[in-house]
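If you check TrEMBL, you get these features:
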DOMAIN    82-159  domain 'O-methyltransferase dimerisation'
DOMAIN    244-345  domain 'O-methyltransferase C-terminal'
DOMAIN    373-415  domain 'O-methyltransferase C-terminal'
REGION    419-460  region 'Disordered'
COMPBIAS  439-457  compositional bias 'Basic and acidic residues'
Amino acid sequence: MSAIEVPVVLQLGSLIADSLSTLSSICSANNLPLPDPSETVLTEESEAFRAYPEAAHAANVIAAAALQLAAALLPPKQSLFHLVSGPLKAAAVRTAIGCHVPEILHEAGPEGLHVDEVALKTNVDSSKLARLLRLLANHHVFREVSPDVFTNTRISAVLDTGKYVEEIMQNPTAKHDNTSGFVALAEHFVNPTPIAAAHMLEVIRSPTKSHSQEPTDAPFHFAHRTFGVPPRTPLYKWFDLPQNGYAQRRFGMGMRGLASMQSGDVVCDAYAWAGLPMGSVVVDVGAGVGTSAMLVARAFPHLRFVIQDTPKVVQDAQKHWKGNYPEAVEEGRVAFQEADFFQPQPPLPTFSTSSESLPLVYGSEDSTATPAVYILKNILHNWSNKYCARLLTRLRESANDDTRLLIIGTIMANLCRQEDSPSTKVTVSESDSVGEGDGDGKGGGDGDVGGRYEEAPKPLLPNYGAANEMAYTIDITMLTCHNAQERTLGEMHALLRSSGWEIKRVKRSNPPENFFDPVVAAPIPGWVASLEE
């Protein structure tokens, strides 16, 4: 006699009840409060439960199950309307940020402030502002405590830069300076991305753009009349236009905000840095100011680093290191190099040093010297396969058999269970594999390089569904703005193989806590480049 199948909605309800019991017990045992959506501030205490893995897991299960339960029980048309109304919610968030509402309400305190007074501070129409805030309050972003009187909530509080309104009003373009960067990230996502995304269908259906891999065929450029983008101007060059100074400044801070959402140890934990010989050189390709390399340099002072980027960025990087880690500069543990990663890699630079502990074995006079590791962090998702293959091929041309490639980015999860998806497992031949857990990126003894993650309990979607939306949002943002993408493990494997690299290890994070999944690759022996310009 077969077991009676329990309806999915009852399974979801049981998951919520059991997980709430777990969360409540852990919070009670550790004298921690449970989160309250009506809180007017976001406190460290209200988030402290996440430091306990079992409690954090329970919260993730509750959130995923509640959202899936809503999808099951709401009328389908209403559920769909939540999606199609997304641009309107984004517009409301953008208005709230641009009118400095979170900061105004922060100064007003927990009693809140009438919308007439909120609007007066930024000289906007109070009736229109009230309607926008009410839309957001319906999603627990702000709270209407009495007619037209609003306060912050723990969600709207993350849109507060922490600055006084008067300070912001005196210099609006500096609003995001010296902040965590999260508000800048949020503002970037609501402008210009949604306007560009509105042209997605036209691009997808275009006979000339649909199959294009050119960055200037992204929806962002289809919408160029809206943004004043000169024809064939990539987004990163659009930022350089004189009228886009604020957008460029905001984007830079927004990237810091994105980094702040991740563990600072992700780069340090991604590779067995301690096992590299004294004086080994690590090249951070497209490094920006070298934030990631600096973390590794502090933790592993026996290594040297090359910060590669465009000329202007390299100048900023030099200032950043001299201001934040001058010892590394003085001791010759870091060098700065202008480079175009689509062109052949330049010879390693000479490291000027006053330190006798690190051997000077690399220099521009030695064109045969090769790095121990190349780092690509948040680079490949900015480019289509055509350009990624070109970049990776250039690195492969300059590598020797011992060089390793460390890619730090997102590995996209399919929404089917992993046992139903062969692409979630990548193997190499056993001859390429060296001792499971050796940490040098050479794989496990059975040829399995990893790549599987801990799935959510059934009947949840294996990746926690709508409670794990960040990676999928970034993927479509890359498509919208750059005609680029995040990649599944199978797609990453194919891209690397086509460029002369073999995956040796994947350190998969468990959703939804983290969206960085380090991949270590090694050169394929005997591979011959075949670049299509």
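Heads up, the Cβ atoms here are built off N, Cα and C, so glycines get one too.
Just so it is clear, the model here is predicted, and its values are computed rather than measured.
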| field | Three-state composition of the domain 'O-methyltransferase C-terminal' (244-345), taking helix and strand from DSSP | value | 48 helix, 16 strand, 38 coil
| query | Residue counts in helix (H, G, I), strand (E, B) and coil for the domain 'O-methyltransferase C-terminal' (373-415), per DSSP? | reply | 17 helix, 12 strand, 14 coil
| query | Do you know the DSSP helix, strand and coil residue counts for the domain 'O-methyltransferase dimerisation' (82-159)? | reply | 48 helix, 9 strand, 21 coil
| pLDDT averaged over the residues of the domain 'O-methyltransferase dimerisation' (82-159) | 97
